[in-house]
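The structure appears right after this line, and notes come after that.
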């Protein structure tokens, strides 16, 4: 089939070199901080090169991710996410079990969307800090370790690396906002508090024609419910970011070794709308959607992504940060109730995963 979607230019997301930023001083540093401020306000996202996680750790992470999703269904089911996922946010989910949505708060409306919209053709593994204390009823990752020796050791390495980078992100936020204490946010951000988590995604191969026509889907448009998202794509592509000015989605092509740092709902709320929570989705790579042609029988290659969500400690109230007393331009998601980060997380997770009737695992 020939893809007839009109050509769309990629999102103009800036590429920021964190090594250069951390080494900068004086006016050069002020320039970098201003660029970050503008990017998170306009796009809600940046590319980051030369980050602290490193190429080797990323390559290991993608290898472990693929090994996990290649496991037999029975093994993955042994660590299936519990029905009350808002209390035990860890475990594997199969195709059709979760649904991403934006601004839908009614569980009945979520059920209608599940029935009437294309299924998100992906599997996911939700992971919490392996050094943390899990509540009773949480899936036992030792069941994965039995089939993938070294899995838990790598998870410890992965969380430590992502946590280190997250703290660097938070220090930059504090510096941009003019705080004297650059660890102000980091002190409210502890991985073993069991709020911060990582998601590994496996997007199944499917005909390009289905994605281009909208009859199939990979990941619905949504914002993330954290402070910052650190996203690592493979080189397949398919991520798109909403352009509010043109009201279209623009591709965010992968850059090898780079991470994408996106503002989440919590940070938009904490900055009082100064920065924008990034509305994004996953579909076919732009070369199929907008630029070329593919035969009807062509299968879209599989896609993997690794995501780390930086999140406030669960007992912290969601309120504006120092320096953000003035109302900004963004209000991506409205919620008037004053609540803790834990209440917000439970609310969003329950809508995404919990349902009235059991899903069929594919």
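Including glycine, each Cβ sits where the backbone N, Cα and C put it.
According to Swiss-Prot, the feature Fe cation binding site maps to 222, 224, 280, an assignment based on sequence analysis. According to DSSP, residue 224 (Fe cation binding site) is assigned to coil rather than to any helix or strand.
According to DSSP, residue 303 (2-oxoglutarate binding site) sits within a strand segment. Positions annotated as 2-oxoglutarate binding site by Swiss-Prot, on the basis of sequence analysis: 303.
Annotated domain 'Fe2OG dioxygenase' per Swiss-Prot: 199-312, in sequence order, evidence recorded as sequence analysis.
All chains included, 24 other C-beta atoms sit within 10 angstroms of the C-beta of residue 303 (2-oxoglutarate binding site).
Here residue 280 (Fe cation binding site) comes close to 45, 221, 222, 223, 239, 240, 241, 242, 252, 262: these same-chain residues lie at least six apart in sequence, with C-beta atoms under 8 angstroms from its C-beta. In terms of local Cβ density within 10 Å, 224 ranks first among the binding-site residues 222, 224. Rounded to a whole number, the distance between the Cα atoms of residue 303 (2-oxoglutarate binding site) and residue 224 (Fe cation binding site) is 20 Å. For the domain 'Fe2OG dioxygenase' (199-312), the DSSP-based tally of helix, strand and coil residues reads 18 helix, 44 strand, 52 coil.
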